[in-house]
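Contents: one structure, followed by commentary.
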Amino acid sequence: MERITVTLGERSYPITIAAGLFNEPASFLPLKSGDQVMLVTNETLAPLYLDKIRSVLEQAGVNVDSVTLPDGEKYKSLTVLDTVFTALLQKPHGRDTTLVALGGGVIGDLTGFAAASYQRGVRFIQVPTTLLSQVDSSVGGKTAVNHPLGKNMIGAFYQPASVVVDLDCLKTLPARELASGLAEVIKYGIILDGEFFTWLEDNLDALLRLEGPAMAYCIRRCCELKAEVVAADERETGLRALLNLGHTFGHAIEAEMGYGNWLHGEAVAAGMVMAARTSERLGQFSAADTQRIITLLQRAGLPVHGPREMSAQAYLPHMLRDKKVLAGEMRLVLPLAIGKSEVRGGVPHEIVLSAIADCQQA
């Protein structure tokens, strides 16, 4: 069992990583006998895990209600969020309740925002079931829903009480979802840890085979890196923005193509190549390192170009609504070397458009 602490003073919390955690009531600390819980999950995961977790918690004396939502990025909306509020109010649940997010990034983000908002804030626990959510979205307290004009535009910073990562969940993960998660894994190597990137080059096949030791190390290293960044910059005023490598481009793809048509990791993968090409054009990143990124993404089964039907110009309106924009100026996360990156403003639009167009023709 691996345990990592996200250090935020009185709001610090553990990330527990192991196989078989769903069988142990202690995995869901700080829940205890007599507590009230609302389990939030989706239609895909409910048949796989809902009864198991409900049974484990009820055996420990926890009072469990649940709400099952439709599955998919397009349901990460204010309308579906209201379904959670209605379920909480109908029971009813008070300010001493705990929300448990059982699912991937959509369920985690939406449930976290529900917890941040319901009666001005209640406790919640992240139980991520996809690789992407295990290494990224469940850690750090970013919660949100989408708006038709932009991804994650309505939300809050709100930390969980704990994160429970059961490696066994990956056994039921579709191959496309596994690849999507690997995009965020690869991101950590590009922005923060060149040695980890090299480890990924050497061990990607083991990850694709879901080999336990390799996957446990991979998830632990990603969580360690993110925990360090969040502890230093919880509200994304500086360092934490580096975690958005590829996301400014990727969010444009998701919004333009319709949420869910491209998985988040797929869009981020293409976006990371666009960021690398932009950095190349600025003379601060080598073509050889861009090729290393492309090769690793392709081995993971990820796209390295944007949608053929989306013009370079179509990206700009979305990118100019990005949350990193300051005083109307686009700010991009750009790699400087494998393992080193920066946030840079003032990049001429023609350079960005040229990089996007180059990736469209890849």
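Here the Cβ of each residue, glycine as well, is placed from N, Cα and C on the backbone.
The candidate list His147, His264 contains one residue that Swiss-Prot assigns to the Zn(2+) site with Glu184, His247, namely His264. In sequence order, the binding-site residues near Gly105 (NAD(+) binding site) (Cα within 10 Å of its Cα) are His264, drawn from Glu184, His247, His264. Neighbour density at the Cβ, taken as the number of other Cβ atoms within 10 Å, is lowest among the binding-site residues Lys74, His247, His264 for Lys74. Per-site Cβ counts within 10 Å over the binding-site residues Thr130, Thr172 peak at Thr130. Its Cβ placed at the centre, Gly108 (NAD(+) binding site) has 30 other Cβ atoms within 10 Å. Rounded to a whole value, the Cα-Cα separation of Thr130 (NAD(+) binding site) and His264 (Zn(2+) binding site) is 12 Å. For the binding-site residues Asp71, Glu184, the greatest number of Cβ atoms within 10 Å around a candidate Cβ is found at Glu184.
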